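J.: The structure is given below, and queries will be raised subsequently.
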Amino acid sequence: MHKIVFVTGNKGKFAEVRDILKNFGIEAIQNKDGYPELQEDELEPIAANGAQYVANKLNMPVMVDDSGIFINALNGFPGPYSRFVEDKLGNPKVLKLMEGEKDRSAYFKTVIGYCEPGQEPLVFPGVVEGKIAYEERGTGGFGYDPIFEYNGMTFGELGDEEKNKVSHRRRAVDNFLEWFIGGA
């Protein structure tokens with residue numbers, strides 16, 4: 001069985017990725033130590049840099065995830081700053097920013113960064129389109145899940161099993177697996 005260190009302190013992210021990878025004979029090992037995060041306007045360099053840093057530090061294959069919600073009416077805000085905005089403002093204030101906005105379209109994007117020690121990092125994006133709900137709905141998931149609507153239901157309403165079939169993270173991990181299994 002392949003082993004990959006997945007660097008995140010987020011229990012929800014780890015559980016989602018672990019459950020996907022185990023179906024392909026890959027054991028995800030959680031590492032909560034983190035890494036110096038670049039301040040960039042794009043997710044790809046953040047994920048690539050983090051994966052390379054930790055792979056070289058631990059001398060093991062490493063996967064990191066950088067994700068964001070991009071709200072079109074807010075010019076892509078909060079984007080790569082989603083975690084900071086969630087911590088400082090939370091969903092209620094994001095909904096307040098959206099008051100009166102007709103364009104509620106948004107997308108979640110995850111970029112998986114993967115690196116083996118001494119190698120160049122690779123990135124695997126995944127995107128899911130949706131819209132911002134008018135209120136928080138559902139108790140499932142984490143982060144922006146209760147305000148991100150996909151096919152009429154928020155990710156918070158879908159439940160983990162259904163969400164994990166269609167999420168941005170699932171799509172990014174699937175892109176990684178296509179490369180990893182195809183090249184393994």
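Just so it is clear, glycine is given a Cβ too, placed from its N, Cα and C backbone atoms.
From Swiss-Prot, for reference:
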type: BINDING; residues: Thr8, Gly9, Asn10, Lys11, Gly12, Lys13, Ser67, Phe142, Gly143, Tyr144, Asp145, Lys163, His168, Arg169; note: substrate binding site
type: BINDING; residues: Glu37, Asp66; note: Mg(2+) binding site
type: ACT_SITE; residues: Asp66; note: active site, proton acceptor
J.: Neighbour count, 10 Å Cβ-Cβ cut-off, for Gly12 (substrate binding site): what number do you get?
T.: 15
J.: Could you say whether, by DSSP, Glu37 (Mg(2+) binding site) belongs to a helix, a strand or a coil region?
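T.: Looking at the DSSP assignment, Glu37 (Mg(2+) binding site) belongs to neither helix nor strand, so coil.
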J.: Counting across all protein chains shown, how many other Cβ atoms sit within 10 Å of the Cβ of Ser67 (substrate binding site)?
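T.: Counting Cβ neighbours of Ser67 (substrate binding site) within 10 Å gives 23.
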J.: Where's the emptiest Cβ shell within 10 Å among the binding-site residues Glu37, Asp66, Asp145?
T.: Glu37
J.: Determine the minimum-neighbour residue: among Thr8, Asn10, listed as binding-site residues, which Cβ has the fewest other Cβ atoms within 10 angstroms?
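T.: Candidates: the binding-site residues Thr8, Asn10. Fewest Cβ atoms within 10 Å: Asn10.
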J.: Can you tell me whether DSSP puts Asn10 (substrate binding site) in helix, strand or coil?
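T.: Going by the DSSP assignment, Asn10 (substrate binding site) belongs to neither helix nor strand, so it counts as coil.
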J.: Long-range neighbours only, meaning 6 or more apart in sequence with Cβ under 8 Å: which ones does His168 (substrate binding site) have?
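T.: Looking at Cβ-Cβ distances below 8 Å from His168 (substrate binding site), excluding near sequence neighbours, one finds Ser67, Tyr107, Phe108, Lys109, Thr110, Gly126, Val127, Val128.
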J.: Using Cβ atoms only, which residues of the same chain lie under 8 Å from Gly143 (substrate binding site) while being at least 6 residues apart in sequence?
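T.: Same-chain residues close to Gly143 (substrate binding site) (Cβ under 8 Å, separated by 6 or more) are Gly12, Ile69, Ser82, Arg83, Glu86.
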J.: Write down the Cα-Cα distance for Glu37 (Mg(2+) binding site) and Thr8 (substrate binding site), rounded and given in Å.
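T.: So the Cα of Glu37 (Mg(2+) binding site) lies 12 Å away from that of Thr8 (substrate binding site).
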J.: Fill in the CA-CA distance, Asp145 (substrate binding site) to Asp66 (Mg(2+) binding site), as an integer in Å.
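T.: So the Cα of Asp66 (Mg(2+) binding site) lies 16 Å away from that of Asp145 (substrate binding site).
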J.: Could you state the CA-to-CA distance between Glu37 (Mg(2+) binding site) and Asn10 (substrate binding site) to the nearest Å?
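T.: That comes out at 15 Å between the alpha carbons.
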